[in-house]
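Q: Taken from TrEMBL, the feature transmembrane segment covers 48-75, 111-131, 152-172, 178-201, 251-274. Look at TrEMBL and you will find 310-443 tagged as domain 'Oxidoreductase molybdopterin-binding'.
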Amino acid sequence: MDGDDRDEPPADTGGYGFPRALWRTMDKHPPPGAHHLRRWRSPLRGPWLTSVLGLVLLITLPVVIITGLLSYIAYGPQFGQAIPVDVGLLKLPTFNWPTDPSWLYRLTQGLHVGLGLILIPVILAKLWSVIPRFFSWPPSRSLAQLLERLSLIMLVGGILFEIVTGVLNIQYDYIFGFSFYTAHYFGAWVFIAGFLVHLAIKLPKMWAGLRSLPFRQVLATSTAETWPEPTDPDGLVAVDPAPATMSRRGALLLVGSGAVFMAVITAGQTIGGFTRHLALLLPRGRDLGNGPNDFEVNKTFAASLIDPRATGDAWRLTLTGGPRAVVLDRAALLAMTQHTATLPIACVEGWSSTQRWTGVPLRNLAVLAGVPNPVSAYVRSLERYGFNQATLQANQVSAQDSLLALKVNGADLSPDHGYPARIIVPALPGVHSTKWVTTIDFRAG
Ligand SMILES: Nc1nc2c(c(=O)[nH]1)N[C@H]1C(S)=C(S)[C@@H](COP(=O)(O)O)O[C@H]1N2
Ligand SMILES: [Mo]
C-alpha cells in the first residue's frame, strides 16, 4: 500500500501513542513488499471466516494445552525425571499420577498428539485468513498495539514451533540440536502466553464476527452468490477482491477434509487392525513383532545394544532397599504368585497398544525385598543408554495390576518387548515401562 493512501494517524493516540513524527516516517518508508497487500484478494477472507476458525481453535486448543501439561506431570517431576528438570517459575503443581483408570495416560496423550495433528489444517487456515494483518504497516500505532503484535509473534511463532517439534518427535527425527522435551515445554509456555493475550484482545471481535453472517445462511450460499464481507477496520477484507472461486461452506469443507485426513493417518496407531497400515505419521505403529508379541515395538532388542548373553540363563533380578539384597532368577520369579492384567502401553508419541500381561505384582516384590510400603521404586534396565531407568511412585508400586511382567498374551516376552522381564503399570507413560529390567530399588523414605 502506498504511504500516500494512508489516513493520518488518529489524533487520539494520547499519552501512550507513538510520536506523530515517528509514525509519519514509518508510513513514508514502508518495507519492500508492503504493497503486496493488494495481492491478497480472496473474497472469503474476513471477520466471519476468521471468527469461525478462531472458535474451533478456542474450544480445541485448550485440550491440547492441558493434556500436554498433564503429560509433564505424569512423567514424575517430583523425581526429577520430567524434562526439562528445572523449569524455574514455570513449575507446575505436581501430584501423584493416578493408576486408575488404566487408560488415563492413553487418553490424555492420545488426545494431545492426535488432536494436535488433526488441528494442523485448521491452524494453517486460520493463519491464511489473517495474512493481511501480518503485513500491516506501520506495525503499530500505540503501545497497546505494539503489545498485541508481540503477543501475535508469541502466538504464531509458538504454535508453529510446537507443531514442527511435535511432528518431528513422533517421526523420531531428532534433527535439532536441542532436547525435544525442553524445547517443546518452553515453546508451549510462549504459545500459552500469546494465546491468553490474544484471547483477551480478540474475544469480543470473535463474537461480533460470528454474528455478522448467520451460519445457516453461509451453508446455503453457493460460490456464485459468495461476496466479500463489508470492509472491516482490521483490514481482513480485501481492498480489491477477486471473484469467488469457492464458497465459504466449500472452504470449511476443505479445512474439515484436511482435518479428517490427518485423523485417518493418525488414529490407526490406537485403533489397530487394518487401520494400523494407514498410520503414516507414526513409524512405531508399523514396526511389529510376531504371534502373541505382535504389537508395536519401540526400541528393538538389537537397538538396545545389550549383550544377548546378559538376558539368557545368567540373567538375575536384584531387589534392593531392604536389610539385604534379594537376587532372583527367572525360574524363581515364575514360581511366585502370578497375576494377569490387560493394560495399555501408552507412548508419549501418541500411539498405544493394549495387551494381556502376566507377571509378579510389584508390591509382592517390595515385600520380598523387605520394604512393604515403599515411597518409590527405582527401576534399572540392562540397557546402558536411552530410556534405561525410571522411578515409580508409591501408588504405582502398590496398585494390584502393577507388574514385573514375564509374559504377554500367554507367551514369554519377546526380546524386543523386554525379555526376561519388564515393568507394566496402569496409566504409566510408556517411557517408564522399562524393558530388560535388572534391578529394582525399593525406597522406604
Ligand atoms: N530399556 C528400555 N525400556 C523401554 C524403552 C527403551 O528405549 N529402553 N522405551 C520405552 C518406551 S518410550 C515405550 S513407549 C515402551 C514401548 O514398549 P514396547 O516396545 O514393548 O512396545 O517401552 C519403554 N521401555
Ligand atoms: Mo514411548
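Glycine is no exception: its Cβ is also placed from the backbone N, Cα and C atoms.
Quantities reported herein were computed from a predicted structural model and do not represent experimental measurements.
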Q: Which one, 152-172, 178-201, 251-274, has the most C-beta pairs under 8 Å toward the transmembrane segment (111-131)?
A: 251-274
Q: State the non-local partners of the transmembrane segment (48-75) in its own chain: residues 6+ outside its ends, Cβ under 8 Å from one of its Cβ atoms.
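A: Tertiary neighbours of the transmembrane segment (48-75) are 81-83, 92, 94-95, 97, 105, 108-109, 111-112, 115-116, 119, 122-123, 125-126, 129-130, 184-185, 188, 191-192, 195, 199, 202, 205-210, 212-213, 215, 218, 229, 236, 248, 251-252, 255, 348, 427, 429, 431-432.
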Q: Are there residues at least six beyond either end of the transmembrane segment (178-201) with Cβ under 8 Å to its Cβ atoms? List them, or say none.
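A: Here the qualifying positions are 58, 61, 65, 68-69, 72, 82-84, 87, 90, 147-148, 151-159, 161-162, 165-166, 168-169.
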Q: Let me know the model's mean pLDDT on the domain 'Oxidoreductase molybdopterin-binding' (310-443).
A: 97
